[in-house]
């Protein structure tokens, strides 16, 4: 298969993965309206082409939370990444480090912090959920500090799991799920050998280390379902700050009032995100929500955005709408499933190349220059861009 754009990796991943895994990463909540709008709304953002601007001094690098990034992109936290490629979190982290950007390890990763951090030569980020088991949260924060994690990404849009109907049809959940997954693995021998056999153990490393016993897929589902905490409030940020003094980013912001509260409670950054359309179907796409949030808090903290980003052009669109940087989630997992570390490195090369083209043709010399001026007048008026 020829890979000429990030979108090609989705088809390659679908061919390689058992359906329960492909649809787990590909699907969203309920009827998946928000999932689709994340992509379509971003694609509708029209840029303002400029010419004869002398673009010989173009630069994609940026500063974020005391780090220099080769481009304004980080890999998002994605649970179960180690099921998409052999020791997948390690491969993805190495790819990010090779391209000079951060990798964010999920709370529910297959590979534990202690396996991933030593595998790369730059600090990584760590994502944490608010869970009823505060002992686990303290343990995770202590281990993250010991491993040299620099930035904490605190996910706040999962006080309860979203209703993901596609999972019941694919075999990730629902009747006879274990049997269906086993049969699917048998019909995908390359994945079964490379990941299913050689990629063991398939524990949730960060949780298993704390609990002192292996945590398989069914344990993962049950443990998370029992530990999501609907009592989560802004006061939990104060509790986190007792244990974490480094940069803290609040992930899951869609409303300007919540963004202002994040500033008030001392967050260093936010991620404008609807969890990739995997939580509440029917909410705004990130691209639609971003301009009002940027208008409310731009300059008071760093604004990141995710959900729907599939190209370097999309990165430039998000920056023009008000983001300082973006997180890539599904896009890198597709590439990881299709080609491992090399696939993710190639994806990031494609993203960088597409960003360069978009910046040259919009006349923006640096990441700092990308603003609402890079958007067409029609888009600016429709999006109410600050």
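The count begins at 1 with the first shown residue.
Glycine too: its Cβ is placed from the backbone N, Cα and C atoms.
Here the structure is a predicted model, which means the values were calculated and not measured.
Record features (Swiss-Prot):
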type	residues	note
ACT_SITE	275	active site, proton acceptor
BINDING	24, 129, 164, 278	substrate binding site
BINDING	106, 127, 155, 251, 306-330	FMN binding site
DOMAIN	1-380	domain 'FMN hydroxy acid dehydrogenase'
Residues that sit under 8 angstroms from residue 164 (substrate binding site) by C-beta distance, when 6+ apart in the chain: 27, 28, 29, 173, 278
Nonlocal neighbours by CB distance (under 8 Å) for residue 330 (FMN binding site), same chain, sequence gap 6 or more: 10, 25, 26, 78, 276
Site extent for substrate (largest Cα pair distance over 24, 129, 164, 278, Å): 19
Nearest of the recorded positions (24, 129, 275) to residue 318 (FMN binding site) - Cα to Cα: 275
